[in-house]
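Beneath this line is the structure, given in structure tokens, with notes to follow.
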Amino acid sequence: MAKLIVSDVDVKDKKVLVRVDFNVPIKDGVIGDDNRIVAALPTIKYIIENGGKAILLSHLGRIKSDEDKKSLSLAPVAKRLGELLEKPVTFVPSNEGKEVEDAINNMKDGDVVVLENTRFQDIDNDFGKRESKNDPKLGEYWASLGDVFVNDAFGTAHRSHASNVGIATAMKAAGKPVAAGFLLEKEIKFLGNAVANPVHPFVTILGGAKVSDKIGVITNLIPKADHIIIGGGMAYTFLKAQGHNIGKSLVEDDKVEFAKELLEKAGDKLVLPIDHVAATEFNNDAASEVVGQDIPDNEMGLDIGPKTIELFKKTLEGAKTVVWNGPMGVFEMPNFAKGTLEVGRALADLPDATTIVGGGDSTAAAKQLGIAPKLTHISTGGGASLEYLEGKELPGIACVSDK
């Protein structure tokens with residue numbers, strides 16, 4: 001069933017609550033990467049250009065003490081949003097009470113207000129984690145502030161919080177519309193369709209350190225994907241399951257048996273490294289060498305080797321849908337980043353393919369290579385992307401009204 005989108009709703013003269021994902025890196029009040037703010041602009045602009053009042057809610061970081069509040073205020077985010085929109089944005093240093101209500105009542109059509117970090121509610125008022133535990137009273141309070149609710153925060157769609165599910169539940173009970181923003185719509189369209197209804201050949205590239213993080217994804221995708229490329233630290237658990245020597249490489253010994261089962265279930269769908277860049281130490285400056293599929297006892301694999309790069313490129317040839325999540329090696333060390341970067345290049349060069357990238361290192365590689373414009377979609381969710389790829393229903397999407 002298709003979801004209600006913000007463009008399906010009349011926002012003129014309406015107070016529109018928007019759950020955005022402004023969880024950006026901030027150090028000493030300076031925003032390190034404003035991509036998540038930029039990603040929310042289409043939804044915000046649509047609301048204000050069509051005569052609505054945009055009231056924005058977001059979390060930022062994890063709040064465990066009053067000390068955290070000093071460094072995790074959304075004030076710098078509101079300032080940056082104003083610069084990007086080229087118009088004044090009102091920041092309210094609270095998210096409940098008279099100050100909030102007065103600011104909203106003073107809004108004119110086309111105005112934008114940013115409320116303080118929703119997770120401040122996790123330590124305020126001695127009520128326990130009101131935001132993170134989805135206190136229904138908090139959801140009802142926030143819902144009372146608006147006429148329409150738009151969820152545009154895919155990054156928290158796998159969480160059931162007061163600021164997404166809580167507001168949506170209360171809005172629906174009051175007969176008010178609950179819609180997806182354009183960013184959430186894009187995630188549903190590309191990531192959701194890639195899993196539910198991919199154009200074949202469908203290839204998934206999975207990397208990162210742990211098999212345990214990707215078990216659900218692999219299990220869900222075995223029947224759907226034509227090939228599942230496995231790189232990064234998680235590959236060594238599979239190689240050990242095949243009987244290869246992996247030296248001092250990262251391995252999850254308690255997952256070796258499970259890896260064996262997956263190998264049997266997947267048959268030749270799983271594509272594993274056939275050579276490695278190995279070193280004796282986990283260090284960017286460590287002397288390294290290319291070794292075959294078996295790694296010497298005193299060395300550890302830190303990146304895929306040149307033959308593996310060619311094998312993975314060949315596996316990608318002709319693919320029509322590709323989902324990439326996770327690096328092929330220790331991407332944060334420049335000397336062991338080549339495998340990840342080469343896979344990114346191969347992805348960008350695929351003709352007529354839907355290419356979807358998720359996960360921090362894969363996204364960083366895409367940006368480093370400057371290939372982002374050539375990719376169909378870069379997902380804004382970490383854990384949410386993985387759970388979506390596992391085929392799970394995400395609370396932040398399920399709570400949006402159907403058309």
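Using the three backbone atoms N, Cα and C, a Cβ is placed for every residue, glycine included.
Secondary structure at Asn23 (substrate binding site), as computed by DSSP, is coil. The substrate binding site annotation in Swiss-Prot covers Asp21, Phe22, Asn23, Arg36, His59, Leu60, Gly61, Arg62, Arg119, Arg159.
In three-state terms derived from DSSP, Gly359 (ATP binding site) belongs to neither a helical nor a strand segment and is classed as coil. Neighbour density for Gly359 (ATP binding site): within 10 A of its CB lie 23 other CB atoms from the protein chains shown. For Lys214, Gly301, Glu332, Gly359, Gly360, Asp361, Ser362, the entry in Swiss-Prot reads ATP binding site.
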Cα-Cα distance linking Glu332 (ATP binding site) and Asn23 (substrate binding site), given in Å to the nearest integer: 22
Entry from the binding-site residues list Asn23, Ser362 having the most other CB atoms no farther than 10 A: Ser362
Position of peak Cβ density within 10 Å, selected from the binding-site residues Glu332, Asp361: Asp361
Of the binding-site residues listed as Lys214, Gly301, Gly359, Ser362, the one whose CA lies nearest the CA of Gly61 (substrate binding site): Gly359
Of the binding-site residues listed as Glu332, Gly359, Asp361, the one whose CA lies nearest the CA of Arg119 (substrate binding site): Gly359
